[in-house]
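Asker: There's a structure below that I have some questions on.
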Amino acid sequence: MKHFSVKRLLGLSSVLLVTLGASMHAQSYLPKHESVTLKNGLQVVSVPLENKTGVIEVDVLYKVGSRNETMGKSGIAHMLEHLNFKSTKNLKAGEFDKIVKRFGGVSNASTSFDITRYFIKTSQANLDKSLELFAETMGSLNLKEDEFLPERQVVAEERRWRTDNSPIGMLYFRFFNTAYVYHPYHWTPIGFMDDIQNWTLKDIKKFHSLYYQPKNAIVLVVGDVNSQKVFELSKKHFESLKNLDEKAIPTPYMKEPKQDGARTAVVHKDGVHLEWVALGYKVPAFKHKDQVALDALSRLLGEGKSSWLQSELVDKKRLASQAFSHNMQLQDESVFLFIAGGNPNVKAEALQKEIVALLEKLKKGEITQAELDKLKINQKADFISNLESSSDVAGLFADYLVQNDIQGLTDYQRQFLDLKVSDLVRVANEYFKDTQSTTVFLKP
């Protein structure tokens, strides 16, 4: 499951923990949602929260990410995210953000492997204007050369900052370069620097015309709202927008070949003083039934102060300054990723060895029922806590809507609470195999 936020309820009282534990199989706390599809194929989803805060979040989700790019044109989905805040038929470049700030809202966007997401967080009084702004960018984006060229340099600088000059950013990028050899997951959403510097406006317009269409988008409104009003205003602003191409949205055809052995890469980088390791294993795609158990393993192994990685590598053995795990849950064949940064004089190979040792312990069944019960209690506490925020609820729904798997979201909580120790042991043995591993060492 896409985790609702990095927030962890470390200060949760014992009374609340007991209460949650006692009602482990209580009713679903997931807020109800309503959905309509406009004549142009745009899906509109409303998730009313009965919190009387007056706060809403308006999202526009495009079913496109770096997964939809091709070799030589990497990073275009992310570039379009930047250009979407430039000029339109009726707005000057930067005016979108200025209008949002004037009515007291906050706007931003993100691009991942599988989704591009734009949002405005504001008061319910600004629902109409927020939808109007998003309809303007969807239907009337200019994409001009004099805006494209400077923004391309902004993105190149972002690549230097987040990837080239960041040890963990470089490690992350090189991991995907190594784990995937054919599929577009071979690169992360920022793309390769050479591609960034050689995009043309023609490339951008072609990508935009394919994927930024109403039939490939979802409008999601969460918070203190009335669903009927959401649908009426969405129809008012979006239904007149035309799809640019009546053909079906193209889907990536590049299927990653089956990995037939362990992969290892060593990266040496100037300015790196401590050693790092990224270790990952191929796991099934987003909708697979084992994803819930993999999520639980991610919590057990590498999330929070009591996780196995934190306890062993950071606190007990003092080998790492930080260590964590992440179940990526990508739309196509995915990865379960571990990253650890070594303390002075600690070799990356030693970090890898310790992570593998913990996995072998897990595969032998050395996890207790008490540990699993704690995972369930903490997961449910996180879940309930995040339902208080329109932003967190929007994030929760976004991935499942784009994957057309809202039933998966509905079932998730029950499936997590039904997990058995044997489920975690089975999944660990199924996927944490050396032949399916990719290891990248980052060294000075």
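Even glycines carry a Cβ here, placed using N, Cα and C.
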Asker: According to Swiss-Prot, H78, H82 bind Zn(2+); which one of E136, E145, E158, E232 is annotated to that same site?
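Answerer: So, going by the record in Swiss-Prot, that would be E158.
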Asker: Taking every protein chain shown into account, which of the recorded positions E81, E158 has the largest tally of Cβ atoms within 10 Å of its Cβ?
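Answerer: Buried the deepest by this measure is E81.
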Asker: Restricting to the same chain and to sequence separations of six or more, state which residues have a Cβ under 8 Å from that of H82 (Zn(2+) binding site).
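Answerer: Set apart from H82 (Zn(2+) binding site) by at least 6 residues yet with Cβ under 8 Å, we have E151, V154, V155.
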Asker: Count the Cβ atoms, other than its own, that fall within 10 Å of the Cβ of H78 (Zn(2+) binding site), considering every protein chain shown.
Answerer: 24
